[in-house]
């Protein structure tokens, strides 16, 4: 099998892995509810925490990050030493992220991508991920508003990716695209923030 065909298959697998809606699955199996019908209606960790407590929220956060981490690590191992390996690995990361946002299992209606994006940065740019976590903690600690923490952390992750790899590397641009998509998925949160109506968690 050619490296490019293998890379394409790994991208498809990354998308399918990213599409696994852990928030919905655990909500139904453990909490007995469809998290899409409670709170904000989002399938991510914050809304799961609203429905089932902080431990459930943390579990979903870890699993949503892992569904990007695992495909990236597999792609790195399988494609090691092949031409364009870094490009394909980056493509697998983006595919997992897109899978979370537009999961085939849920009619392409998914989450906002913060945890999955964090998983991507944790593997591809660990220092950027650390900066993002610190930024989230500080912003959330000051405001008690999850979206403020998420958007602050996302911005620092993307900036950290550029600082790590420079403007010519595919990971830098993938990180920027991921950040922009996260901001787009938070557009309603941003509107509520502007109006002073965003709820604290």
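Cβ coordinates come from backbone N, Cα and C, glycine included.
Per Swiss-Prot, transmembrane segment is recorded for 5-25 (among others). Within the chain carrying the transmembrane segment (5-25), a Cβ under 8 angstroms from the stretch's Cβ atoms is held by residues 34-36, 42-45, 47-48, 60, 63-64, 67-68, 70-72, 74-75, 78-79, 82, 84, 87-88, 91-93, 95-100, 102-106, 110-111, 116, all 6 or more beyond its ends.
Sequence annotations record features per position, and here Swiss-Prot assigns transmembrane segment to 55-75 (among others) based on sequence analysis. Through the fold, the transmembrane segment (55-75) approaches residues 7, 10, 13-14, 17-18, 20, 22-23, 26, 30-31, 44-46, 48-49, 88-89, 92-93, 95-97, 99-100, 111, 115-120, 122-124 of its own chain, all at least 6 residues removed from its boundaries and within a Cβ separation under 8 Å.
The transmembrane segment annotation in Swiss-Prot covers 88-108 (among others) and rests on sequence analysis. Residues of the same chain lying 6 or more positions beyond the ends of the transmembrane segment (88-108) and with a Cβ under 8 Å from any Cβ of it are 3-4, 7, 10-21, 24, 43, 64, 67-68, 71-72, 75-76, 79, 82, 116-117, 119-120, 123-124, 170-171, 174, 177-178, 181, 185.
For the transmembrane segment (118-138), the list of distant contacts is 64-69, 72-73, 89-90, 93, 96-97, 149-150, 152-161, 163-165, 171, 174-175, 178: same-chain residues at least six beyond its ends, Cβ to Cβ under 8 Å. Residues or ranges marked as transmembrane segment by Swiss-Prot on the basis of sequence analysis: 118-138 (among others).
Taken from Swiss-Prot, the feature transmembrane segment covers 164-184 (among others), and the record attributes it to sequence analysis. Long-range contacts of the transmembrane segment (164-184) within the same chain, counting only residues at least 6 positions beyond its ends with a Cβ under 8 Å from a Cβ of the stretch, are 86-87, 90, 93-94, 97, 101, 112-114, 117, 120-121, 124-125, 127-128, 150-151, 154-155, 157-158, 190.
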